[in-house]
């Protein structure tokens, strides 16, 4: 009897962990986000269904327009369509992004804490990859051409780089969260507010504190729009 109870508890714990690890699941046909509601929940409160219309599930042409990459230090521009731009995505566990890359531009190493990403190249060529967690830290990388597809597992550090000197590149990515989040590694480590102690970072990166101070003095821009 004790063994069966233990197995039941273990099964419930496993199922519960899987539920908690993903976006809230819909319990009705839709739950259009009420972005302006003062009520705070994990996600967004549902808009009154009687007030919902087709525009809540629609976003006028955004992803067909090339984005300016020349003003970006890293040479990329990410246009994200998540629940903040498209309230009908609330509880549906999906979002979309267009990424424009200048020649030799990159979407620098970053993670999505709440989403797996699947990316396809629309134009140009990209060198992409992700790194597994400690202790292996194994790099999985590939050169992608037009029409190729690559998957970045949830939470793992990944990147995209346009290796061409004279041609831009464009990709579309789908993410398994209405609000996947993005943590750009360099921005988070060297551009945090307030800054992380240079003693901590000098020890972590095994460099002189002067190197850390120089890195922290740089302008760490956000290439996500």
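Using the three backbone atoms N, Cα and C, a Cβ is placed for every residue, glycine included.
Residues or ranges marked as oxalate binding site by TrEMBL: 107, 112, 117. The feature Mn(2+) binding site is assigned by TrEMBL to 110, 112, 117, 158. Taken from TrEMBL, the feature disulfide bond covers 31-46. According to TrEMBL, the feature domain 'Cupin type-1' maps to 76-213. Residues or ranges marked as signal peptide in TrEMBL: 1-21.
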Under 8 Å by Cβ from residue 112 (oxalate binding site), counting only residues of that chain that are 6 or more apart: 152, 154, 155, 175, 177, 180, 181, 182, 183
Top Cα neighbour of residue 31 (disulfide bond) in the set of binding-site residues 107, 110, 117, 158: 117
Residue pair residue 117 (oxalate binding site), residue 110 (Mn(2+) binding site) - Cα distance, angstrom, rounded: 12
Helix, strand and coil counts within the domain 'Cupin type-1' (76-213) (DSSP): 22 helix, 56 strand, 60 coil
Spatial neighbours of residue 158 (Mn(2+) binding site) that are distant in sequence (at least 6 apart) but have CB under 8 A: 109, 110, 111, 117, 128, 129, 130, 131, 152
Per-residue Cβ crowding (10 Å cut-off), top of disulfide-bonded residues 31, 46: 31
Local Cβ density at residue 107 (oxalate binding site) - other Cβ atoms counted within 10 Å: 28
Pairwise Cα distance for residue 107 (oxalate binding site)/residue 46 (disulfide bond) [Å, integer]: 34
Environment of 110, 112, 117, 158, the listed Mn(2+) site - residues of the same chain whose CB lies within 8 A of the CB centroid: 111, 115, 130, 152, 156, 157, 180, 182
Cβ neighbour count within 10 Å of residue 117 (oxalate binding site): 22
107, 112, 117 excluded, remaining Cβ within 8 Å of their centroid (oxalate): 97, 110, 111, 115, 119, 152, 158, 173, 175, 180, 182
For the domain 'Cupin type-1' (76-213), mean pLDDT (0 to 100): 96
